Amino acid sequence: MDTESTYSGYSYYSSHSKKSHRQGERTRERHKSPRNKDGRGSEKSVTIQAPTGEPLLANDSTRTEEVQDDNWGETTTAITGTSEHSISQEDIARISKDMEDSVGLDCKRYLGLTIASFLGLLVFLTPIAFILLPPILWRDELEPCGTICEGLFISVSFKLLILLIGTWALFFRKQKADVPRVFVFRALLLVLIFLFVVSYWLFYGVRILDSRDRNYQGIVQYAVSLVDALLFIHYLAIVLLELRQLQPMFTLQVVRSTDGESRFYSLGHLSIQRAALVVLENYYKDFTIYNPNLLTASKFRAAKHMAGLKVYNVDGPSNNATGQSRAMIAAAARRRDSSHNELYYEEAEHERRVKKRRARLVVAVEEAFIHIQRLQAEEQQKAPGEVMDPREAAQAIFPSMARALQKYLRTTRQQHYHSMESILQHLAFCITNSMTPKAFLERYLSAGPTLQYDKERWLSTQWRLISDEAVTNGLRDGIVFVLKCLDFSLVVNVKKIPFIVLSEEFIDPKSHKFVLRLQSETSV
């Protein structure tokens, strides 16, 4: 009887404390609500949302996956790629802001292209104008030039053609990315060319146009000297923009923040923003695609352990905090002693299920390809108009392997990266090129690079560069910068390639010689 009264008293106290706690929260919210009346109050408010890259229903779906038998794929609803990420109001506001900023980036890109095009047109028209203006303005006063000028005309024509092709190949290339800052060397070269052409025009206007110089051969040679100087500037541009960065000087270690996958790249003298572009270009072809579902197992295990801890306060509210802390510490210690066993058996069970479903998938695909070979042998005997195309053949054999493939992709948590249409296209491609079943399965048995998947499956294509130093500064030893996207980031650590001292050591060839002495007692 005393025990029942004690528990009933504790339940009444807990319900009363819950009511008082709710009333306290309402009072605090009532006091904090006037702060959100202005526009800046929304930024300081606390928004509770699911962690980025973690599906909202991951706990339930994962528990269902671990409990169900091999036929769970027929009755379980899969979480597709459209329900994996939650977006809050702040994310929507940031996306709208990024869309507005992208308009400014496009304007900046086209403005730079317009300035470069105008300057290039000015450069190519200037030598021609230098040659054509004197015959147009004071033709009768010019001295005859003859064969020498004709040879100079041919020289100027071919030099301008070479300069045109070189400028098109070096400067007028499609941009692969938008960088936050201007390219310093490119901007310096454009300024140098502009100042160079303006100085030539000033000299031409003062010495030739004003004085109406009669020596036409000297005028043509003046234009030839301009073209020669422009060719040397183009050579300088090749050295600064292309050749300078070819010699490796730094080693960049790129680490993905979520799963720790890393790669190493060797680069030359580049700015931080250009090094970031090189890292991203290599990331899409070298790193395996980021799969957030593979990282949720540890979170679910920790949540399951914490959910199993229950604290009861029988003595009353006097020692509430102390009792709960001691109980939590003791329970955590007991859990820690047995957690490695649970982890071992969970991983072993998961590997067993993966191997089992992989074997079923391999057998199903091999049988489907054997059926394709049988169909091809039958189609060779048919009329030319009745031959089945690869797309129809893929649709015909896909149902026989669909169930095994679906189960395997769900077990390995890859189902949101492969749609039915992409699988059919890959199957038709393999049939067209007479590939083996192993070649078809390679895409699904092992995670490939990001470029292997469709663009709409990529989690992010917009990156933010975070650096303590200016992004236009060059690389140096010890610099660390971060490339951040929506769900993960790439941490780049720069190390200088060490100076290697290679010495030669001479070894006397006679030191390798030895003498074999035979004795009569031996059997040799």
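Cβ coordinates come from backbone N, Cα and C, glycine included.
Automatic, uncurated: that is what TrEMBL annotation is.
As annotated by TrEMBL, compositional bias 'Low complexity' applies to 1-15.
Annotation comment: TrEMBL describes 1-72 as region 'Disordered'.
Annotated transmembrane segment per TrEMBL: 110-132 (among others), in sequence order. Long-range neighbours of the transmembrane segment (110-132) within the same chain, counting only residues 6 or more positions beyond its ends whose Cβ lies under 8 Å from a Cβ of the stretch, are 153, 156, 160, 163-164, 167, 171-172, 182, 190, 193-194, 197, 200-201, 204, 219-220, 222-224, 226-227, 230.
Using a Cβ-Cβ cut-off under 8 Å and counting only residues 6 or more beyond its ends in the same chain, the transmembrane segment (152-171) has close neighbours at 116, 120, 124, 127-128, 131, 186, 217, 220-221, 223-224, 227-228, 230-231, 234, 237-238, 241-242. Residues or ranges marked as transmembrane segment in TrEMBL: 152-171 (among others).
Positions annotated as transmembrane segment by TrEMBL: 183-204 (among others).
Look at TrEMBL and you will find 219-241 (among others) tagged as transmembrane segment.
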Margin query: Give the nonlocal contacts of the transmembrane segment (183-204) in its own chain as ranges (CB under 8 Å, at least six residues past its ends).
Written below: 115-116, 119, 122-123, 126, 130, 171, 222, 226, 229-230, 233, 236-237, 240-241, 271, 274, 472
